[in-house]
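Asker: So Swiss-Prot lists the following for this protein:
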{"type": "DOMAIN", "residues": "1-380", "note": "domain 'FMN hydroxy acid dehydrogenase'"}
{"type": "BINDING", "residues": "Y24, Y129, R164, R278", "note": "substrate binding site"}
{"type": "BINDING", "residues": "S106, Q127, T155, K251, 306-330", "note": "FMN binding site"}
{"type": "ACT_SITE", "residues": "H275", "note": "active site, proton acceptor"}
Amino acid sequence: MIISAASDYRAAAQRTLPPFLFHYIDGGAYAEYTLRRNVEDLSQVALRQRVLKNMSDLSLETTLFNETLSMPVALAPVGLCGMYARRGEVQAAAAADAKGIPFTLSTVSVCPIEEVAPTIQRPMWFQLYVLRDRGFMRNALERAKAAGCSTLVFTVDMPTPGARYRDAHSGMSGPNAAMRRYWQAVMHPKWAWDVGLNGRPHDLGNISAYLGKPTGLEDYIGWLANNFDPSISWKDLEWIREFWDGPMVIKGLLDPEDARDAVRFGADGIVVSNHGGRQLDGVLSSARALPAIADAVKGDIAILADSGIRNGLDVVRMIALGADTVLLGRAYLYALATAGKAGVANLLDLIEKEMKVAMTLTGAKTISEISGDSLVQELGKSLPAALAPMSKGDAA
C-alpha cells in the first residue's frame, strides 16, 4: 500500500484494527456534527500565497515552555494507545523523541509512566483529568514528577463522559460487548497476535499501579464512569498547583472568557479543543473558536490547539489562526495502528514536508512569521470568511 498522507493511514488502520478499536478513535459524540466540522472548517481556511521571497533558509523550529521543538507539533494524550500497537505508548513516544517533539502520556494509557519515560531522551508531558479520587490524582502527579515529566496537560472538558453512539454499535459498549469484541479480534488475526497476545498486559498501567491490581477494558469503562467529577472548578486547579510546580496547560477551552480565566489563574498554556468532537456535539470547531481566543489572550499565555488536524497544511492554518503549537491525536493513532513507531515517524516526516511547502508558498520563513497576514481576508473582516460567525439565516 502506498502511504502519502494521514488519510492513507486511516484507511489502513480500518483494515488492521477490530471495529471496536477503530471506531472508538474514529468516532465522536452524538451525531458527530462537531467531529466533521473540525475537519471541514479547517480545510476552508484559505492561505495567502506569496512568491519571490527567497525561502532558502526556512526553519520550523520553535520554543515552548523552555523546550526547543523541531516543529510546532506535539503528540496529544490518547487513551488506550497501547491497544492500537504493541506497547503503543512506548512506540509513539520513541517516534516523537526521534523527531524532537513532545509526547503526551494519557492518564488512561496502557503503558504506565514508569515504562514510557525511561525509553526516551526528551522529557515527556503528562495529561491528567479531575477525578473524584484525589488520592489517585496526587499519586499520578508525584509519579509524573519523579519520572521527569516536564509539563502537565490538565484536561477540563470531561467532567462527564460524552455520549458516543458509535461505540454501542461497534462493540466498545452496549449489549454483549465483550463477546462482540472477542469475535472481532478473532477476525483480525494480525492485531490479535501482535497486540492482543504479545502486547500484554492490557492494564491501564497508571491506574493499576495505584490500585495495586490489574485493570482491563471493562475496568477502564467502569472506573472512568464512576470517577469523573462534575464538581470541577478553578479551586481544583489551585489544589493541583500544590503538587505540581512545572508548566501547566489547561486543555479543553473554546470560549475567550475561559481563556482569560486561565490567564488570571496563572496557567502557562491552554489548548483550544473540543476533545476531537468526542464530548459535546454541536459546539464550535477548534478552528472557528481559535481566532477569538487568540484576540483575547495572545501573548499572555501559550496557545495550543487540536481537533481536525490531519496534515502539515492544517498545522500552518492553525498557527495562522492564532495557535503557537498544535497537538496531533487521531492522525498519529492511525499511523501507529498501521506500522507502529515507523508509521508515526513517517507521518511526522510527511507533516514536516507539508509544512515546508505551505510556508514556502506563503512567504513565512519561520513559525513566528505565520500569522493572520498569511490568510486571505474578505472585505476587511478580521476572520477568514469561512470561519466568520454564522448569521441567523445561516444558522437556520
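Even glycines carry a Cβ here, placed using N, Cα and C.
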Asker: State the three-class DSSP label for Y129 (substrate binding site), counting H, G and I as helix, E and B as strand, and everything else as coil.
Answerer: strand
Asker: For the residue listed as 'active site, proton acceptor', find which of the binding-site residues D306, G322, R330 come within 10 Å, Cα to Cα.
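Answerer: Hits: D306.
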Asker: How long is the line from the C-alpha of R278 (substrate binding site) to the C-alpha of M318 (FMN binding site), rounded to the nearest angstrom?
Answerer: 20
Asker: State the three-class DSSP label for D314 (FMN binding site), counting H, G and I as helix, E and B as strand, and everything else as coil.
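Answerer: DSSP call for D314 (FMN binding site): helix.
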Asker: With DSSP assignments reduced to helix, strand and coil, which class does the residue listed as 'active site, proton acceptor' get?
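Answerer: Note: the residue listed as 'active site, proton acceptor' is helical by DSSP.
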Asker: Need one number for the substrate-binding residues Y24, Y129, R164, R278: the maximum pairwise CA distance in Å, whole number please.
Answerer: 19
Asker: Compare the C-alpha of G322 (FMN binding site) with the C-alpha of each of the binding-site residues Y24, Y129, R164, and give the closest one.
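Answerer: That would be Y129, nearest by Cα distance.
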